[in-house]
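Read the structure below first, then the notes.
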């Protein structure tokens with residue numbers, strides 16, 4: 001599940017883990033300077049329940065010392081991987097902040113940054129990036145970026161958002177839709193860097209598309225907004241369809257009962273209204289996506305949130321809008337006819353990249369998040 005600012009917080013991740021036991025969860029991006037300057041309040045930014053493993057911390061920044069210090073401070077929280085954001089096109093991040101997708105302009109720095117991050121933790125490290133930025137969007141330039149980072153650091157895992165980023169003229173939302181998807185770049189990386197682990201990201205909205213990409217050879221797949229906007233139907237199939245393991249969740253009623261216990265146990269944990277009921281309810285609002293009663297439930301939620309003091313009270317006053325047949329139904333697979341979604345990608349592959357810095361790479365002991 002992709003790192004998403006204001007979305008993949010502790011509350012959403014708790015809900016996601018109740019639905020899927022095996023999906024890898026990513027935090028929101030935490031800026032390195034925030035960790036360094038708030039080191040006396042780190043639990044607020046970095047603490048998470050042990051049940052959320054496997055979980056990856058994504059950090060952002062462009063100062064080597066702060067990235068190293070932030071990683072050292074975060075290492076005490078036992079994340080399973082540390083990821084550097086090299087893909088966010090937001091003006092606050094890539095513009096004024098001079099990190100995120102803008103870092104793709106400087107693969108030398110990213111290599112140094114990843115080396116510093118790896119030196120300050122004992123877990124795998126990874127980079128999340130686009131396939132290019134602005135007019136630096138050729139396949140060869142993408143390979144040069146990967147090649148340089150791998151040759152300068154222990155990084156052997158890249159999450160590839162298969163769109164380029166345009167740092168001026170487009171909003172972050174438009175940057176997720178306007179630049180065309182080029183899945184062929186991702187699959188060409190698998191061909192040209194066989195010692196490196198690549199996760200595919202961008203444009204995937206159904207579990208059938210995820211399965212199709214893996215059948216085509218994808219190592220792993222990252223899904224963002226589809227996992228947030230429709231968590232039951234996306235994450236509910238992950239354990240069985242992707243990992244071949246029993247599905248953890250039996251019904252949304254069961255999920256809500258477990259989530260309510262979690263939510264009411266942490267209300268006010270970090271002071272008055274930190275968190276509050278509204279913050280805890282936020283990730284629940286898409287749990288009944290496209291189901292009978294969903295619109296009525298959201299209207300009742302809006303009015304109930306104005307006065308309720310606990311999550312138990314919220315659910316008691318709103319859930320009668322959802323039919324029992326929906327609350328108690330198991331997750332169901334609806335065929336979408338997308339089994340061949342990536343069938344023609346091989347015919348689109350760009351020419352091979354032939355300028356590897358070292359010919360091949362030594363794989364460190366800790367290679368990927370899935371090892």
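Glycine too: its Cβ is placed from the backbone N, Cα and C atoms.
Summarising the annotation, TrEMBL assigns active site, proton donor to 88.
What TrEMBL records for 3, 4, 5, 58, 128, 161, 201, 202, 203, 224, 225 is FMN binding site.
TrEMBL lists 1-315 with the feature domain 'DUS-like FMN-binding'.
Just so you know, of the binding-site residues 128, 225, the Cβ with the fewest other Cβ atoms around it within 10 Å is the one at 225. For the recorded positions listed here (5, 88), the lowest count of other CB atoms within 10 A around the CB belongs to 5. On a Cα basis, residue 88 (active site, proton donor) lies 15 Å away from residue 203 (FMN binding site). Here the domain 'DUS-like FMN-binding' (1-315) has a mean pLDDT of 94 out of 100. For the binding-site residues listed here (3, 203), the lowest count of other CB atoms within 10 A around the CB belongs to 203. The separation of residue 88 (active site, proton donor) from residue 3 (FMN binding site), Cα to Cα, is 10 Å. Annotated pair residue 5 (FMN binding site) and residue 88 (active site, proton donor), C-alpha to C-alpha distance, rounded: 10 Å.
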